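First up is the structure itself, then whatever we jot down about it.
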Amino acid sequence: MNKRRLLFILGISAAIVSLAQSLYIPLLPDLQQDLNTSLHLVNLTVTLFTVAMATMQIILGPIVDRNGRKKILVPGIIIYVIATIGCMFSGSIEMLLIFRVIQGIGASSVPLVAATMIGDVFEGKERAESMATYQMILGISPAVGPLIGGIIGSQFGYTGTFGFAAVSALLILIAAIFMLPETKPVNIKPAGTRLGLKAFEKILGNKTGVVVLLSGFIMYDVFYTFIVFLPTILQTKYALGAASIGFFSLALMIFNLVGSKMSGSLQTRIGSVRSLFWAGIMTILSLVIFIFAADYSLIGLLLSLMLTGFVMGLATPVMPTLLSSEFVEERATAMGVYNFVRYLGMATAPLIGSFLYPLGNIQLLIGITALLVVMVVFATNRLLLIKKSEVTN
């Protein structure tokens with residue numbers, strides 16, 4: 001088995017299906033006009049995809065643990081391809097909403113199985129570095145998705161963007177069928193032992209599991225707070241246009257990718273739990289700097305934004321690495337719960353931010369997010385002490 005090829009295929013596969021979240025966002029106004037519908041229903045096509053994808057993580061986790069990785073991945077991609085073609089030819093908003101839900105259901109298997117297979121194949125320091133590479137590849141989607149969608153959509157409309165998504169998914173389907181092996185460990189116990197509810201109980205009752213889930217929710221909530229509210233901050237504070245705002249968003253994503261790539265080396269050097277602890281501390285510092293820099297100058301805002309993207313990139317690969325190491329028999333279930341929780345973090349960011357930002361502008365919004373990260377630091381420090389005590393005893 002060529003491990004590097006497997007990592008590349010899994011990373012690209014997850015990135016391609018994740019494009020469905022952001023690929024046609026620049027075309028939402030055109031979609032609203034073409035389908036003669038409301039902005040609310042058009043935005044609902046984005047929300048329902050994410051909700052379906054998040055919910056299926058919980059359902060599919062135990063199934064993947066019981067039946068294997070590839071057996072779930074391939075049908076999932078097939079469903080995604082069919083649903084994407086359905087989106088392409090939807091002539092009404094009702095049909096588009098239905099196919100977006102089905103598309104999310106199909107897409108859900110890919111990030112879940114990808115992270116699980118990486119945990120199966122790689123071990124120790126190699127696992128940490130591979131998870132970091134995977135997160136970096138996965139992070140490309142939100143950075144380039146709107147750009148690709150805008151270019152294709154300007155020529156071929158929203159049907160063209162869905163057509164691109166379908167063809168891309170068809171290519172990864174072929175790669176999955178002919179190039180990916182089944183990686184489920186042969187020593188995993190058969191169905192009925194620690195699967196389903198018992199697996200969930202074990203994960204939620206485990207100290208590492210609780211810390212990782214808490215950290216995943218908070219870190220993704222913080223990161224998506226920046227993604228969602230950065231345009232508003234730049235527009236109201238500095239009166240920037242769409243092109244300039246796009247540059248700032250791209251800078252955030254690029255430095256996040258750099259941090260994700262470097263996370264593997266950091267974990268190799270100081271360990272995964274300690275990496276999460278220090279990444280949390282650096283995130284708090286970067287958020288405090290952003291609060292003051294955003295009011296001081298545009299250059300200061302940009303520099304603090306890049307710092308925030310970088311340190312959060314250091315944190316995100318740590319969490320799936322810890323879960324892969326801690327839960328061997330329940331690896332897919334653990335990844336499913338983690339993905340569900342981080343999707344919740346993404347979803348709550350605009351809800352919490354919409355309440356906080358009007359009350360206190362940048363200071364209150366970013367200040368509360370910094371306090372949330374303090375919880376990550378305290379929880380991780382507690383886990384460090386527990387791990388140290390276990391080693392001593």
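In case you wondered, yes, glycine gets a Cβ from its N, Cα and C as well.
Annotation source TrEMBL lists domain 'Major facilitator superfamily (MFS) profile' at 6-384.
TrEMBL lists 38-60 (among others) with the feature transmembrane segment. Nonlocal intrachain contacts for the transmembrane segment (38-60), taken as residues 6+ away from its ends with a CB within less than 8 angstroms of a stretch CB, comprise 20-21, 25, 28, 31-32, 72, 76, 93, 96-97, 100-105, 107-109, 112, 332, 335-337, 339-340, 343-344, 346-347.
The annotation transmembrane segment is assigned in TrEMBL to 72-91 (among others).
Annotation source TrEMBL lists transmembrane segment at 97-122 (among others).
Here TrEMBL flags 134-156 (among others) as transmembrane segment.
For 162-180 (among others), the entry in TrEMBL reads transmembrane segment.
The annotation transmembrane segment is assigned in TrEMBL to 210-232 (among others).
Positions annotated as transmembrane segment by TrEMBL: 238-259 (among others).
If one looks beyond the transmembrane segment (271-292) by at least 6 residues along the same chain, the residues whose Cβ comes under 8 Å of a Cβ in the stretch are 128, 215, 219, 222, 263, 300-301, 304-305, 307-308, 311-312, 314-315, 318-319, 321-322, 325, 362-363, 366-367, 369-370, 373-374, 376-377, 380-381, 383-384, 387. The transmembrane segment annotation in TrEMBL covers 271-292 (among others).
Residues or ranges marked as transmembrane segment in TrEMBL: 298-319 (among others).
According to TrEMBL, the feature transmembrane segment maps to 340-358 (among others). Residues of the same chain lying 6 or more positions beyond the ends of the transmembrane segment (340-358) and with a Cβ under 8 Å from any Cβ of it are 47, 50-51, 53-55, 57-58, 213, 216-225, 227-229, 232, 364-365, 368.
TrEMBL lists 364-385 (among others) with the feature transmembrane segment.
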Checklist entry - Apart from its near flanks, which chain residues at least 6 from the ends of the transmembrane segment (298-319) lie with a Cβ under 8 angstroms of it? => result 128, 131-132, 134-136, 139, 212, 215-216, 219-220, 222-223, 226, 230, 233-234, 238, 248, 251-264, 266-267, 272, 275-276, 279-280, 282-283, 286-287, 289-290, 292, 338
Checklist outcome for this item: Counting only residues at least 6 beyond its ends, the same-chain positions whose CB falls under 8 A of a CB in the transmembrane segment (97-122) are 1, 3, 6-7, 10-11, 13-14, 17-18, 20, 41, 44-45, 48-57, 60-61, 64, 69-70, 72-73, 75-84, 86-87, 90, 129-131, 134, 138, 180, 183-185, 320, 323-325, 331-332, 335-336, 339
